[in-house]
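In Swiss-Prot this protein carries:
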type	residues	note
BINDING	130, 153, 176, 177, 178, 179, 180, 181, 186	S-adenosyl-L-methionine binding site
């Protein structure tokens, strides 16, 4: 199982989303939509072995975590507007500590960024923090029977405190490129690496 989590520092936390202004008034929701596209959509299929989390810390009610489960997703199209509509529906529900399903395979809760990561660590997943200054990809060995969580930052990053937290729990800091990449591009590169193990 491949799982991805992004800390979305400015992404809105209610359903008041302007579909005509995803990058601006919605707190870079366009970035999240592209990440969902990259996490799940193939040319004529969907990735069923993937889960994607977005932990939104924007106004008015942070945090709200969205969870997308590839094996359960239905009716979502790959374009940003379609994905944004499904995100809007999820954010219209009052989030609590428990996961609430808004549409097939899409859930919301009030879980924190660190809580999700600790939960995955306790499940035995290898935790990778994707960072420009990490160890080169070539220095790591991946096995097909392992479960992974890949931690991503948005255009702002995850912040010093969360970086220290990842270091404390033993997350492996990995660099996919000598150049700074968009989060959605990182997801595609990770998929490509793991696809080749099969």
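Glycine is no exception: its Cβ is also placed from the backbone N, Cα and C atoms.
Positions of Swiss-Prot features highlighted on the structure.
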residue: 130; record: S-adenosyl-L-methionine binding site; CB count, 10 Å: 23
residue: 176; record: S-adenosyl-L-methionine binding site; CB count, 10 Å: 21
residue: 178; record: S-adenosyl-L-methionine binding site; CB count, 10 Å: 7
residue: 180; record: S-adenosyl-L-methionine binding site; CB count, 10 Å: 8
residue: 186; record: S-adenosyl-L-methionine binding site; CB count, 10 Å: 22
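In the three-state DSSP scheme, residue 178 (S-adenosyl-L-methionine binding site) falls into the coil class.
Under the three-state DSSP scheme, residue 130 (S-adenosyl-L-methionine binding site) falls in the strand class.
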